[in-house]
Ligand SMILES: *Cc1c(COP(=O)(O)O)cnc(C)c1O
């Protein structure tokens, strides 16, 4: 059978039918009254999702554009920043910061291990002249399935410095609780093809009052990503350039769906699916790559012993048409990753755990009685 693909990678994620159909019409004029209504509505919905009264701006571009915008709109050439790096995305923000001539101190942790808030604390305490202007980090490190302790790290930033916190929440927003105002996060970046359940092409950057104050000092070069232009136009329910209009139709449809479900239900669903996935994997005798307490609500990384992870991933694609993600860089062939972000229900989790167990059984690599993994998954799904 063809064309029954189930995307279980950490983005792009599956798109609901009514979101898909919302896009299948002619674009409308981006200076029209009808489009202004959509911008007005989605802007309010985005504030709801971020749990903030701050400005949330929509950019046509992928998640990296939103992160880059957050960095270049708040900082100036030669500014000192701390970048957390414990995976592929942490590495990316170090590269972006250096590309713009920032003076980057890197706080590292091994891939699969979370960043240590105390390391941030120590560096900030030593910075008595307040040279450090920003702390840049990834909340859910998609490459390894680790969730970093954004709340604690941001508390250290707030307690020991005047630096702003710029957070990549691309695979955590819409998956777990991130109350922007309550925690006092200054910049949050996210992208449409992840928790938003819409295709790639839009990204979002939320800016606190302190972030705008930093913006007044910022002298890094910018044009397409100059957020002042986005702020000015969003206040007129518009956009500085021609936006991806049909993706706005999708955004309105998906955020409306999310509001119907409710934030707490969305977070509980992701937590349940995360646990059902983790428990099923352990019960079939496989190892999690990330310690359970540090697992991302969006993605679970699995490290099979004595089996090539790519051969499992390929068999699951061939036999079940479920697409999983592989390992990156030195983890290629060592881990595979199961995305459970966005438009995911119990059926998806039951399918992927059964497919995995069936695949191991077929390979002769299942060291426990067949069905033990899925039994555990079902028990979590029915009791959480
Ligand atoms: C997907 C992702 C991004 C954004 O990547 P783009 O390809 O630019 O959309 C950023 N950070 C994390 C953690 C991600 O998972």
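A Cβ is built for glycine as well, from the same backbone N, Cα and C atoms used for every other residue.
Keep in mind that TrEMBL annotations are predicted by a computer and have not been checked by a curator.
Per TrEMBL, substrate binding site is recorded for 337. The domain 'Aminotransferase class V' annotation in TrEMBL covers 11-328. Feature annotation from TrEMBL assigns N6-(pyridoxal phosphate)lysine to 194.
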Sequence-distant neighbours of residue 337 (substrate binding site) in its chain (C-beta under 8 A, six or more apart): 9, 10, 142, 145, 299, 300, 301, 302, 324, 325, 326, 327
Taking the Cβ of the residue listed as 'N6-(pyridoxal phosphate)lysine' as the centre, how many other Cβ atoms fall within a 10 Å radius? 28
Going by DSSP, is residue 194 (N6-(pyridoxal phosphate)lysine) part of a helix, a strand, or coil? coil
If you average the pLDDT over the domain 'Aminotransferase class V' (11-328), what number do you get? 97
